[in-house]
Each structure stands twice: as C-alpha cells, then as structure tokens.
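Per TrEMBL, these features apply:
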ACT_SITE  CYS89  active site, nucleophile
ACT_SITE  HIS175  active site
ACT_SITE  GLU177  active site
BINDING   SER230, GLY231, GLY232, VAL233, ASP234, SER235, ALA236  ATP binding site
Amino acid sequence: MTQPDQSIQHRPVLVIDFGAQYAQLIARRVREARVYSEVIPHTATVAEIKEKNPVALILSGGPASVYAEGAPTLDPEILELGLPVFGICYGFQAMTHALGGTVSHTGNREYGRTDLDVLGGSLHQGFEHTHKVWMSHGDAVSQAPEGFEVTARTEGAPVAAFECPARRMAGVQYHPEVLHSPHGQEVLTRFLTEIAGVEQDWTAANIAEELIAAVKEQVGETGRAICGLSGGVDSAVAAALVQRAIGDRLTCVFVDHGLLRAGEREQVEKDFVAATGAKLVTMDEQQAFLAKLSGISEPEAKRKAIGAEFIRAFERAVAGVLEGQQVDFLVQGTLYPDVVESGGGAGTANIKSHHNVGGLPDDVEFTLVEPLRLLFKDEVRAVGRELGLPEVIVARQPFPGPGLGIRIIGEVTAERLEILRAADAIAREELTAAGLDDQIWQCPVVLLADVRSVGVQGDGRTYGHPLVLRPVASEDAMTADWVRVPHEVLEKISTRITNEVPEINRVVLDITSKPPATIEWE
Ligand code: XMP
C-alpha cells in the first residue's frame, strides 16, 4: 500500500533528472540555498509535475546528445506551465531545442575546468569577467531561443549561458552544482531568488516543525511506535523527531552487541535520553554475539552472523515491548539518497514485519514511519541540532553496523575487542584534539589480530599485534582518499597506543585511496 507523501508542506523546486549523476547533487545545492527541492525522473508527465505543485523547475545534465537516438526528450508543454526554468548542461540544450534555439555538433568537446567569459545578464554579474567553470559536453548551443540574452561564452560553446527574465528562464552549459565551478552555488541561488523569486525558508527549524506535524498526523492520537537505535545519527534524529511528536508512545530499542566503541552505549543511554526524554530499552547481547562469532574469521561469514543475530536480538526486544500492547509503527532513519536511488517512489510502505525485522510473528504488521526520507545527511544533522541532540551524536562519523567485528582481522573475541576499543579511543581522542574531525570522514582503526610482529620495549622483546590507522576523506563513501594527517599527530597516536595498550607494539598508516581499496578492511 502506498500513499502520497504529505510529510513536507513546502512546494518543491523540481530537479528533472535526465540521467545525470549530478541530479541529486543539484537538489542538495538548491537545499543549501535554503529552498526545498526534489528529484523527479524525466519520464514524469506534465500532469505528474503539476501535481507536485512546484515553484520552479531545474533541468539536469545527462549523458546524451539531444540528437542521439533514444535521447531523453523534454516535453515542450513543460515549458508552457508558466514556471521558472533553469537548464543545466544537457537540460540547457534540451530547453534550447524545445524553445526553438539551435544545438550543434561543434566537434569541440569541452571537459573539465574551462574559462567562461561573462557577456552580461544578472546571474554572473559582479564575477571576474573570465572565470573557471566545470564543463562536460560534446554538442553546444549555437543559437539561443528567441527572446533570450546570451550572457556567457567559452571557447567551445558560443552560447554558454542565457537568460530571459520576462519568462523567468535561464540556463548554463556548465555544471554550477560542482565545487569546481566556484561561483556555481551563487549562480543557482541567484536564479532561485532573483529570477524565480522563491523564498529561502527551508531552515532546520521549519523542517523539524513540519516533520513533527507529519508524524503526528501519520501516527494519530493513540498509535504506538518502536525504533531501533544504532547509535548513528540517522536513527537518533528519526527517533528524536518521533519522540517530539508522540512522546512516550515511542519506545526505542538499543541492541548492545558488544562490537561498539568506547562510550557509544553511554552516548545512547545518557546523552540521547537526556536530550530527548525518550523511553529506551537496552538489550545486553554481548555474550550471544560473541558465541555466534566464535571460530569465524571470514569477513562475509562474520557479517552474516552479526546481521542474523541482530535480527534475533531485535526480535527479542520487540517481543518484550509488544507484550500486552499494540504497536503499529516502526520508525526507520531512511534518507533521501536511498529513496532516490531506489526509484524515488514517494509513499509510506506498509510492510510485513518479517520482511524487515525477521522472525516477528506473522500476524504483526508495522507501518513504516520514515521522517527523514526527504532529507540529505547535512539536513539530518541540522535537524538533530535543532532538536537539541548533543554534538557527540549529531556530528558522529559513519560507523558500520557490524561495528568493531569487521575491524578485527581474524576471529572476534572479547579480549581482542578490548584491545581494539582501547586503541580506537586513543586515536579518536587525538584526532579530535588536533582539530581534524572536519577533514576526516571516518577513521577506521583496524587490529591485525592474526598477525604478530617483533618489538622491543624496555629491556625486553615483545611479540605483539600491529594496528592500522585508516583516516579517509570522502563525500559519500563511494570513493575516498587517505587523509594527510600531520606527522606530529600520527606520532602522538603511535606513542600513546604502544605505551597504553600493551598488546600493540606497532602502528601503521593505510595510505590507499578507494578504489582500489575499500574504506573498511573487511
Ligand atoms: P567500504 O568499506 O565498502 O565502506 O568502503 C563504505 C562505507 O560503508 C560503511 N560500511 C558499512 N556500514 N554496514 C554498515 O552499516 C556494513 O556492513 C558496512 N560495511 C561498510 C563503512 O564504514 C563506510 O562508511
């Protein structure tokens, strides 16, 4: 069963996705301009677009030439809706084509940083006459549609930008959404505010208020909900929103599987509860997980064992929570990128519990509450701050579900977990003290538990374990680069770990990007 998504009252700027890897990024940039936006596939009909009641349209880039066979087309009727329109790259060309301008095979492909000459108009006003933009195109607009002023050019694109304030339309051949176009964000913002005239009211306070109202509406006056907390940002913010909406009709469940880092359980039990007043059930499951992990070294087998046991533990917790009371809703911290990537379907899925939290009785059926399903990660953090969640939770770096279990190379045992936990706490403490948290996406600390190396400490020979530091920078974890942590910080971490954690006699640095390596070692 799906229902129309009514969780957000704001009218969106619709980013029409012509197959660009950049459509989501454009939507994010629009939101950074404090304007609500959504991505919609280019196959959406005029009626579907109208139903969304947008305030403006942005046509994204795409891989194709407008003349290529099977190229995604733009229904000219969309341009007759009287809405402000901004075209980017392929969207710029599709718009030109639909409005009677000319797109030509110039044979002059531009890719990468390119000099843009400003000729006029308002969107580029006040910038350097020639400045860098990021280009990625083969065809180029050779003639703007009638009534449009050509406002910029490049060597390979005689019409690299145009504007028609009377029709509230504009476009650029380059990609304003990428950081390699330094004025791009400003150009997008100017289009939204000056040409489209939309209000910049997408703020954390407004978002929180709307989402709380939407949860109230969905769960109703008497409904009850449960939420599994992982210790991560998303589930914490989702739970905090739902708690604001329905108070103690929400029960949060936290499974301590023993694979957490130092302080994480306390963050949930003390800081989260103190900040939200949420009702929390903690499950002590360390022994059960260790028993299931006994004898397993292979990474996939570990993941499977941890995943399966997690479901069992959650099921035991829910059975306890459910005792004697009807619980209809399950809260999940799904984010917008997941929604877009899985087809962008708006709606509230009604799931059979055993599909998601396996093993629950067949007659128990939850409706999902996904208050973050239209938000990007940075917005989730902003909403979390708005709701008063502490920085230790809101600014938390990503941490994998299987936890320290996949950071011990070899079998996971209680003793090895303790060694890794101690070393990890030192590394995190020193990186934070050095002010590096903003530069580091995450820093796995990996115990090579099955490897031993010889060392010398005091007067004696040691035979200990090496430990790997893996500080990485990333935007989305799909690719990553290793962070050039200053040598003196590395030195301090190494000295402290080898002094304070006797089982470790060697600290090494992972200097591999992703690809070819992954971020985690397993
Ligand atoms: P990799 O190692 O694939 O990791 O480069 C990419 C990102 O995903 C996290 N990660 C996981 N998160 N369950 C999770 O919830 C997992 O099984 C898992 N494996 C990796 C990893 O920490 C990084 O942020």
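Placement of Cβ uses the backbone N, Cα and C atoms for every residue, glycine included.
TrEMBL annotations: computationally assigned, not manually curated.
Feature map: annotations from TrEMBL on the structure.
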residue: CYS89; record: active site, nucleophile; Cβ contacts under 8 Å, 6 or more apart: ALA20, SER60, GLY61, GLY62, SER136, HIS137, VAL172, GLN173, TYR174, HIS175
residue: GLU177; record: active site; Cβ contacts under 8 Å, 6 or more apart: TYR22, LEU25, ILE26, ARG28, ARG29, ILE88, GLY184, GLN185, LEU188
residue: SER230; record: ATP binding site; Cβ contacts under 8 Å, 6 or more apart: GLY401
residue: GLY231; record: ATP binding site; Cβ contacts under 8 Å, 6 or more apart: PHE254, LEU260, GLU264, ARG265, GLN267, VAL268, ARG396, PHE399
residue: GLY232; record: ATP binding site; Cβ contacts under 8 Å, 6 or more apart: GLY333, ARG396, PRO398, PHE399
residue: VAL233; record: ATP binding site; Cβ contacts under 8 Å, 6 or more apart: LYS377, VAL380, ARG381, GLY384, ILE393, VAL394, ARG396
residue: ASP234; record: ATP binding site; Cβ contacts under 8 Å, 6 or more apart: GLY333, THR334, LEU335, LEU372, LYS377, VAL380
residue: SER235; record: ATP binding site; Cβ contacts under 8 Å, 6 or more apart: CYS227, GLY228, LEU229, VAL331, GLN332, GLY333
residue: ALA236; record: ATP binding site; Cβ contacts under 8 Å, 6 or more apart: LEU229, VAL268, PHE272, GLY333, GLY384, LEU389, ILE393, VAL394
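Excluding SER230, GLY231, GLY232, VAL233, ASP234, SER235, ALA236, which define the ATP site, the same chain contributes LEU229, VAL237, GLY333, ILE393, ARG396 within 8 Å (Cβ to the Cβ centroid), listed in sequence order.
DSSP assigns HIS175 (active site) to coil in the three-state reduction, outside any helix or strand.
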